[in-house]
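Undergrad: The structure is given below, and queries will be raised subsequently.
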Amino acid sequence: MEPRIASSPAMGVAETSFSPLAVRGPSWDGRFTVLILFLPPALLLFTLFVVLPIGEAAWYSAFNWNGFGRPANWIGFDNYRFVLETRAFWLALRNNGLIIAVSLAIQLPLALTLALMLAERFRGAVALRMLFFMPYILAEIATGLIFSFVYDGDYGLVASIWRTFGAEPPHLLASTDTAMLAVLIVIVWKYFGFHMMLFIAALQGLDKSLIEAARIDGATRSQTLRHVVIPLLYPTIRLSVFFAIVGSLQLFDLVMPLTRGGPADSSNTMVSFLYNNGISRMRVGYGSAIGVILFAICVTFAFTYKRWFMRDE
Amino acid sequence: MSNAETTRTPFDPAVLFKASFLAVVAIFVLVPLLATLLGGFKSLGELRVNPFGLPRHWEWQNYADILFSARYWQLLRNSLIISTLTVTLTLIVASMAAFTFAHIKFYGSSMLLSYLTLGLLFPAATAVLPLFIKVRDLGLLDTYLGVALPQVAFSLAMSVLLLRRFFKDIPYELLEAALVDGCSYIKFFRYVTLPLSRPILATVGTITFVNSWNAYLLPLVMLNTDALYPWPLGIMVYQGEYSSEWHLILAFITLTILPTIILFLLAQKHIVAGLTAGAVKG
């Protein structure tokens, strides 16, 4: 029974018998070893690949630089000015606003209604939940491709419906008037199930006695819903809104197979705008400026929202 | 209370409304998916006139050609390698950090934890250009690790939070008793914490896997060689080559999302729990 030293590299050794004789209290030694062995990998990876690049984006955004050699051509805040003077930037920002509006006005009520219906037990409820959740786990790329088929003016489902009415099928994704609308429909299709699941999880965690009490006091179904159930769901609704907004600011993969942000930048989101104008052309300074603006929007939003709406959670 | 009684009768308008509403949503969700699956069995000519219905001639050839092509399997293999790397590294690195945050009190612990959770606030895309330059300078461009390491870094925040909450629920008396018996922290982690935490490890692993399996932007930026492409990149290339031969593209889409759907059916408990857990208790 040799006393073992905590810092020996015994991690990988298959040694299951703990020596009962070597009595040691919780010592600073063992904890220190854990501290210097267990924490650095996470901190290092996170700093290297998440935090540093944000700082570097701020630095690079002051240069006119194509990514090769060292950044030398200092231009101050010009990149930010160029971004703000680009019409496509404001279009992308507007589109992100539209996505948020649709999430709040259509997706959220839809998700809530479905959750209220499917939180009850009946035959097929679980199957329907799974079906509605399925689009959420499909890759955005695959979803985008499926819908570029659905919208296809020659072979697609929409075209076929149009033709049965004898009308000339539209090319929805190729027109600046309809491209963004088409993208918005796909967004609802893909994400309502996620929000529905959030609500179902919340509904199942509700205190049933409150609802029963309201019913016993003579409240009708709709009164119970409006004055008891929905207020109890407020935290989840706030959370769902938070995810809808954060998700809109990240949206990229879905747009690429559908429209690539086009035609004429009419369906760009912030990230696809960043990709099309910064990344794909290796305009590091310009692209970094867009990234910094996006970062500022995300962080400002997250902190403000948490402070105003989620203070108690 | 007449309301409660009428819900039992089969002709209640509320029930009828509910059923038809659910049916409409189910059709809205199902039709694009079924049309994709069936479209892969049609010829291009039939797809044009009959995109909705069952194929009149089942063209097994479309699917067979893809299943017997090296290309399809190479894409899945690349995706599997990247996702497995990401999941393994995330689980190791995140559970070690979570263990430290859960069981060891030290100066600056809560500060470091909030530092890590900063990762939840912004998308990877914001700094993807500097990230590209960093990965290039590290010599990892066009390698699996060049995609996997940033993915691990970005999945750390959520993973550490979820794991730490679970680890903290392991009774402190258990740790105390183990320490008194001469068990080190590291052994406790290896032989007590990890085995007890299988459910949460499965959940975190599943979320990380799904995210990595579906990822597009990072591999798009980090990889240049077709032979290394994971399937989301590969399918975009495929679509570019067969631009309007939709029957082939639909078959390809079906076969590439098949693994996700199978995984979903097998591990739906973990997927639903994981993808909504961070949210509900967050």
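Please read every residue number as a count from 1 along the shown chain.
Just so it is clear, glycine is given a Cβ too, placed from its N, Cα and C backbone atoms.
Found this in TrEMBL, in case it helps:
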- B:76-267: domain 'ABC transmembrane type-1' (DOMAIN)
- B:21-41: transmembrane segment (TRANSMEM)
- B:80-101: transmembrane segment (TRANSMEM)
- B:113-133: transmembrane segment (TRANSMEM)
- B:145-163: transmembrane segment (TRANSMEM)
- B:200-223: transmembrane segment (TRANSMEM)
- B:246-267: transmembrane segment (TRANSMEM)
Undergrad: Taking the transmembrane segment (B:200-223) as the reference, which of B:21-41, B:113-133, B:145-163, B:246-267 gives the largest number of Cβ pairs under 8 angstroms?
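TA: Comparing B:21-41, B:113-133, B:145-163, B:246-267 against the transmembrane segment (B:200-223), the winner is B:145-163.
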Undergrad: Looking at B:21-41, B:113-133, B:145-163, B:246-267, which one has the highest count of Cβ pairs under 8 angstroms to the transmembrane segment (B:80-101)?
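TA: When the Cβ pairs under 8 Å are tallied, B:145-163 comes out ahead.
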Undergrad: Count the Cβ pairs between the transmembrane segment (B:113-133) and the transmembrane segment (B:21-41) that lie under 8 angstroms and are 6 or more residues apart in sequence, then report whether there are at least 3.
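TA: The transmembrane segment (B:21-41) and the transmembrane segment (B:113-133): touching, no.
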Undergrad: For the transmembrane segment (B:145-163), find every same-chain residue at least 6 residues outside the stretch whose CB is under 8 Å from a CB in it, and list them.
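TA: Answer is 82, 85-86, 89-91, 93-95, 97-99, 101-102, 113, 116-120, 124, 131, 135, 138, 197, 200-201, 203-204, 207-208, 211-212, 215, 218-219, 222-223, 230, 274, 277-278, 282.
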